[in-house]
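Student: Could you have a look at this structure, given as structure tokens, before my questions?
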Amino acid sequence: MITKESIENLSQRLNIVDIIENYIEVKKQGSSFVCICPFHADKNPSMHINPIKGFYHCFACKAGGDAFKFVMDYEKLSFADAVEKVASLSNFTLSYTKEKQENKKELKSILPSLNAYFKDNLKHHKEVLTYLYQRALNDKDIAKFELGFAGASEDSIRLLQNQKIPLEDAMSVGALKKDENNEFYASFIWRITFPIYDHKDLLVGFGGRTLNPNVPAKYVNSPQNILFDKSRIFYAFNIAKENIAKKKEIIVCEGYMDAIAFHKAGFNNAVAVLGTALTEHHLPLIRRYDAKVILCFDNDEAGLKAATRSAFLLSTNKIDGKVAILQGGKDPAELVAKNESTKLHNILDEGIELGEFYIRRLISTHSIISALDKQKALETIQKFTFNLEPLVANSYTSLVSNLLKVDEKFIVLSQNSKKTIQTPLISQNKYNFPKEKIHIAELELIAFLKQHPDICNDFKQISDSVCFKHKILLDKILEKKGYEDSDIREFESKNIRKNLNYSEFLLGICKVNLAFLNNVKIKNSTLALKKQLFTLIDKNLNLLIKNLNTAELNNFLKEYLSFLKYEKNEEILQQSFRNLNGIFGNKNFTAYDLGFSIQNNDEPF
């Protein structure tokens, strides 16, 4: 593992212009440099490079980042691989955490030895070969996907011992396990083996299928270990990646045999997940290939749930694609085995766009008989569409209108929708929040979260990243992304005050929440987002009682009450006033102390 200090030293010494010049012709323009952007069909130099700040930016496609990010995207490398490439181009010697690095290097040789044994062993088990032939596989398929067979546990252990491989090391890469008596046994016993490679063509684990109907677990994967993390890996990606790059499309299915079947049917860009659905850890790999995603899952409850979760994940992360559900209880392997590959082509062609699929699934979980039912369904949909780009969100207006049988004028799917840009929610609010101060305050709050990852859950309980202009950066901090992310590296290079205390942090979140409510212009006061924000602020008040002195709390409540004075939604008012009454009682001051009186109709109660 490369040390962070080594990466920082390399970052300070490298010249980003020199790095990019290794890939594209660069021309000087004033104090900066320009070049043709390699990340879109650029004809004029749209990419600008700032050698002082060490960042590039394309004004056409918005690609940008530091030298590491450029190499990652250009060569489709992981962060660690990109760092090594940049170091090589810069004649820089990186430092590694030696023990772990050397140990990992030794461990990488264990699984290939086992795989060679499994492949050879398959030849001696005709009953297993017969099963594979019955599943419409031939010798060419078996060789292409390196299928094998794991026999008795003692056979695998004997092989490892003969090759002088420490059994503890074999266990650390998932080849062995220990029983209740602390005795070693093989992870794969009497199973067909499917070797699993990562995106760098490193063998990191196996899948195994039993032919014994009495064994409850038909399929198993290698256990999680130093090499294998099933939430980050696709089966058959090593075979499919060239075609994924060419087609800019990836088919994601449920199992090993399904992925193999897709390849037999001519879909050489197919892979399989190793769990029930996609995870956020798969997204960087998909983005690296700029690929649209076709989800092809079974039409059972598990398949539909996996497709729904995956459609939400992809849509909200700006990845395009569609969902193709297999009907009739057949999976791709069955269709190919029965020479029905044409049906597979038709199923993929008739797939439903990701967002539309997710919205249809959401509505299917609601009764939409009464107007109130439809309002609740709409608010559920808004929780999804408010996470999308406005143009994308508004493209679903007609769909939602038709499904709910509600006029389009009542369908608001984007916070920035023209339908919502009317008069300000609070036109008389005298408390203005200077944009520059909010910008600085946000960065300070984000820096505090970066320093104290243990309070990320506190933040999620009392605010929402949608309130922040730096939403993408904040989400990355909340996801606990590290130095390998270019936005995090750029953020850490800024000179931001980082000596906040917890009470300042809480008060700062409240200020940002209120600033968002102050600036957003929402006609419909029952929108889910607005109700959610008021609820979050109310939750935050209880924390403020414990962490702010009376004067600080007094000042904040003045600003908060100025919003509530003009609120028309009874549900919001009742809940907020209940919370406020408790605060007034605890702090021994009243609404009158905050400048409100019945005589001038400013009394909030």
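Using N, Cα and C of the backbone, Cβ positions are placed for all residues, glycine too.
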Student: Look up zinc finger in Swiss-Prot and report which of 37-61, 137-161, 287-311 it refers to.
Tutor: 37-61
Student: Which one of the binding-site residues (Glu254, Asp298, Asp300) has its C-beta surrounded by the most other C-beta atoms within 10 angstroms?
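Tutor: Answer returned by the neighbour count: Glu254.
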Student: Below 8 angstroms Cβ to Cβ, which residues of this chain, lying six or more residues outside the zinc finger (37-61), approach it?
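Tutor: Here the qualifying positions are 11, 14-17, 20, 23-24, 26-27, 29, 31, 67, 70, 73-74, 490.
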Student: Quick one: pull the CA-CA distance for Asp300 (Mg(2+) 2 binding site) versus Glu254 (Mg(2+) 1 binding site), whole Å only.
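Tutor: Between the Cα atoms of Asp300 (Mg(2+) 2 binding site) and Glu254 (Mg(2+) 1 binding site), the distance comes to 12 Å.
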Student: From the DSSP assignment alone, can you count helix, strand and coil residues within the domain 'Toprim' (248-329)?
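Tutor: In the domain 'Toprim' (248-329), the DSSP-based counts are 34 helix, 21 strand, 27 coil.
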